[in-house]
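These features come from TrEMBL:
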type: DOMAIN; residues: 14-389; note: domain 'Serine hydroxymethyltransferase-like'
type: BINDING; residues: 126, 130, 131, 132, 249; note: (6S)-5,6,7,8-tetrahydrofolate binding site
type: SITE; residues: 234; note: site 'Plays an important role in substrate specificity'
type: MOD_RES; residues: 235; note: N6-(pyridoxal phosphate)lysine
Ligand SMILES: *Cc1c(COP(=O)(O)O)cnc(C)c1O
């Protein structure tokens, strides 16, 4: 069977700009054929894809529903109100702002809402699993504000709330972030809230990675505990590239003013529509099943990897992601990641806590199950996935490209058996 011509899916684009059309087609093919294990990525539904490619993008809508600086908002106001309503209902919050362009600007808006330049923020440090925007030095949040970082314990790989409390009492932050980008364990939102109360800080739960798990009931919700909940919409929540800020009523005005006019201009209405669609999908029982399967798959994959001698940070996972320390395998993270990529397994190299290597050449790789679960791949296949990773990591050390090529064919066969959403040609 010959490969389908994917440029047929975008005929106007193919006619107007064959160069870009063929790159989009090649990317569709790549996403169809590879085992995508980057934990911040996913496959959105065809409905979300369609909503994000609509004429809503032609409209300017600075302001909020009913309070715009441009006329002609008859439809846009309804789209944004529906998106915000669905966010409130799904997460059980008083207020939701669906306009942040992405997770990083959403977090910056939180600083703008509560802090003055030079004020102190306490967040998980980047090499321990936190995000740049939690006060790390190279980020605006670490240059305009005074960032103080907490980590995980060397022996457990987990956050130690006693350490966080000691730091908070010593440094007196105005803002505390919990959550991160490489945190394989449940976040104790109640514990963080207690510390924030003790020092009079605003607690932000950044659930960018786990929002879909929270929505689907597969991770505890931060909503009863955090003052502000920040999330992207494109990771486990399986929506378009975007973000939301949710909060109690008392902070609603500060958050809204920080997003617009504080930080942003016109909202991306096509994205707002796609967020609304994703939130509708996330409210279904099927999505709850998806969220639980993401965790079950990650747990099974972790067990299979551990059985093959892989060293998992914190010993395993409670959520969708696994952080693998490759020190014992004698392969740097980047070398392993590149070999896996050649084998059709897409991961990212990542620092591990207390990493002796440099951030651009660290000791670990980070993997996750949101994308493969969206393809419907079940736990029973995790043994095969762990075996591929094992073979390729070993091959990366010995320079055995033959094994890499063999694994690539095996990966492709599994991908063909589980077509990805949004890629109807398989
Ligand atoms: C991904 C992520 C962000 C930033 O999202 P972008 O959309 O990439 O700007 C913020 N915080 C956490 C914890 C993240 O994982």
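Placed from the backbone N, Cα and C atoms, the Cβ positions cover glycine too.
Contact annotation for binding-site residues (126, 130, 131, 249) versus ligand 1: 131, each with CB under 6 Å from a ligand atom. Taken residue by residue with DSSP, residue 126 ((6S)-5,6,7,8-tetrahydrofolate binding site) is part of a helix. A helical conformation is recorded for residue 132 ((6S)-5,6,7,8-tetrahydrofolate binding site) in the three-state DSSP classification. A straight line from the CA of residue 130 ((6S)-5,6,7,8-tetrahydrofolate binding site) to the CA of residue 234 (site 'Plays an important role in substrate specificity') spans 18 Å.
Sorted by the number of other CB atoms within 10 A, the binding-site residues 126, 132 start with 132, the lowest.
Note: the Cα of residue 131 ((6S)-5,6,7,8-tetrahydrofolate binding site) and the Cα of the residue listed as 'N6-(pyridoxal phosphate)lysine' are spaced 14 Å from each other.
Residue 234 (site 'Plays an important role in substrate specificity'): 26 other CB atoms within 10 A of its CB, across all protein chains. This prediction places the mean pLDDT of the domain 'Serine hydroxymethyltransferase-like' (14-389) at 97. Between the CA atoms of residue 249 ((6S)-5,6,7,8-tetrahydrofolate binding site) and residue 234 (site 'Plays an important role in substrate specificity') there is a gap of 25 Å, rounded to the nearest whole number.
Neighbour list (residue 235 (N6-(pyridoxal phosphate)lysine), Cβ cut-off 8 Å, at least 6 residues apart, same chain): 39, 40, 41, 42, 208, 209, 211, 212, 370. Of all residue pairs in the (6S)-5,6,7,8-tetrahydrofolate-binding list (126, 130, 131, 132, 249), the one with the greatest Cα separation is 31 Å apart.
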